[in-house]
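**Q** Heads up, here are the entries from TrEMBL:
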TRANSMEM  12-28  transmembrane segment
TRANSMEM  71-97  transmembrane segment
TRANSMEM  109-129  transmembrane segment
TRANSMEM  141-157  transmembrane segment
TRANSMEM  189-207  transmembrane segment
TRANSMEM  219-240  transmembrane segment
Amino acid sequence: MLAVTLSARSSWWPAYLLLAAAHVWFAARMPLAALPPASHDDALFVRLGMEILNGQWLGGYTHMTLAKGPFYPLFIAVSALVGMPILASQAAVHAAASWTLARALRPWLGSEWAALFLFILVLANPMAFEAQQMRVIREGLYTPLTLLVLGLAIWAVRTRHGPWRPALASAARLGAALAGFWLTREEGLWILPALVGALLLALLHDARDAERRPRWRRTLASAGVAGVVAVGGVGLFQLANLVRYGVADVVEFKQREFVSAYAALTRITPPAPVARHVVATPETLALAFEASPAAARLAEAFASPMHAGFIAQGCEVYQISPCDGATRAAWFMWALREAAGAAGLHRTARNARAFYGQMAAEVNAACDAGLIPCGPARASMMPPFDARLLPAKLAGAGEALWIIASLRGIVPPLEALSCYAENCAASSPTGRFLSAVHTTLFQPSPMLDLVGWSGP
């Protein structure tokens, strides 16, 4: 009787729902391994989310307001509004994405059992409960959104030649998911080759049909709807920032003026060879301060303990001892924004944009005039391509794939400290943080020790 029941397609829904509910229930009871004081990560996302919840969009403008994508703060706000623990909300999106991927691939999997197995395999991702992934950071949403975009892309390809309404609805859902994905992190460009490849394969498949032209029109119509919805979704956030802050930038790290300023400062050639990953040294910054009155306004901030902290972090991560005093790429973009903020140059978004544009123009002019030694001009935060580093980069990519496959380096959270708003003081920063995300906290943790935080 059970075999007969399971053979009916509708009877598989309870299995999916039960597994998804168990996954969300488990996540709801897991404490966080968050860093409430982390001003560039956990604390920033929660603060922006609470500003949205209070009807202030992303709040008052500072050098951090538009530093990261706004979709995760919006997600935190919605999660807080419905009263769900943040890990449970992320688990719900992950379950939905896992179901979407499994059902999208169902016609090619051979059986319902295979689809259910794929759903379980994707749902039970152990990395979701690694210490870093249990922080209040974007990766908890970014991974499910990636799966959702890929699953909906497959679904859109499958339904493109069916009835118009379901086909266009599938394409619209893909566009909405892609917009959310694009607004979560800044490097979303990497997923486009997969989507373009899927479109090209669909068009090639259509070319085998005698009625290829109508089929091409249907395929391109679906792609067009997905693109319009994605661009429109991103445009809504641009409009919100334009109204609130006077600039249409979603993230200022993509802003032309900021990128140009970063590129100008990092094209200055140091007087001696530097280690990999180094993009600025005291000598190159001194040349910039001498050549550019705008850059000179940052001299005091770059000489402060704040910047020394960025230098020290880079040396610690790359195990440089004694520390060479240089600033590495992963920290220089933050050091630049912190310096500009400390110098009072982020009073408004427009002022900040004008400052970065002026600094870029002045430094580039000095470079082009030969007043300071510089490399080629560029308008990107990417370093110049060096073919000599290609073998090392390929080896690093292989090592990264092995880390993913072997789950090497997973750090499980330690014992749980019951620290919720009621017993950590709702008025304390930690209490407000945990109240916003409706979750307790794992403590102690090596990450908390790293930032010098030992309790609420």
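Start at 1 and count along the chain as shown; that gives each residue its number.
Yeah, the Cβs are placed from backbone N, Cα and C, and that goes for glycine too.
Nobody curates TrEMBL annotations by hand; they come from automatic prediction.
I'm curious about the neighbourhood of these features; can you describe it?
**A** Outside the transmembrane segment (12-28), and at least 6 residues removed from its termini, the chain residues within Cβ reach (under 8 Å) are 6, 84-85, 87-88, 90-92, 94-96, 98-99, 112, 115-116, 119-120, 123-124, 128.
Outside the transmembrane segment (71-97) by six or more residues, the chain places 19-20, 23-28, 30, 32, 45-46, 48-53, 58, 122-123, 125, 128, 134, 136-138, 140-148, 151, 180, 183-184, 237, 436-439 with a CB less than 8 A from a CB of the stretch.
Below 8 angstroms of C-beta separation, residues 6, 9, 12, 15-16, 19-20, 23, 27, 30, 90-91, 94-95, 97-99, 101-103, 140, 143, 147, 407, 410, 412-413 of the same chain, each at least six residues beyond the ends of the transmembrane segment (109-129), sit close to that stretch.
Within the chain, the transmembrane segment (189-207) has long-range Cβ neighbours (under 8 A, six or more residues past its boundaries) at 146, 149-150, 153-154, 157, 160, 178, 181, 215-216, 219-220, 223.
Cβ atoms under 8 Å from those of the transmembrane segment (219-240) belong to residues 57, 70-71, 156, 160-161, 167-168, 170-172, 174-176, 178-180, 182-183, 199, 202-203, 206, 248-250 of the same chain, restricted to positions at least 6 beyond its ends.
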